[in-house]
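Peer 1: Pulled the feature table from Swiss-Prot, pasting it below:
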- 1-21: signal peptide (SIGNAL)
- Cys45-Cys59: disulfide bond (DISULFID)
- Cys48-Cys66: disulfide bond (DISULFID)
- Cys60-Cys67: disulfide bond (DISULFID)
- Lys71: lysine amide (MOD_RES)
Amino acid sequence: MRLVVCLVFLASFALVCQGEAYRGGYTGPIPRPPPIGRPPFRPVCNACYRLSVSDARNCCIKFGSCCHLVKG
């Protein structure tokens, strides 16, 4: 009998906790913020065809966005 009461209590407690989570707006893990000092995206570095060779080299060195294009 005690086991049944304990299981019912735990089940009701779990349901209450789930309801509080949904009501509080919690839907999953909190996303990680972008690193400090770096922009979240680099549209200039992503447009490789518009960059000069020196700008492409700077993007490669600073941000790791390397443009491997043959300039003609």
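Here the Cβ of each residue, glycine as well, is placed from N, Cα and C on the backbone.
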Peer 1: In three-state terms from DSSP, label Cys59 (disulfide bond) for me.
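Peer 2: Assignment for Cys59 (disulfide bond) reads helix.
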Peer 1: When the number of other CB atoms within 10 A of each residue's CB is tallied over all shown chains, which of the disulfide-bonded residues Cys59, Cys60 has the maximum?
Peer 2: Cys59
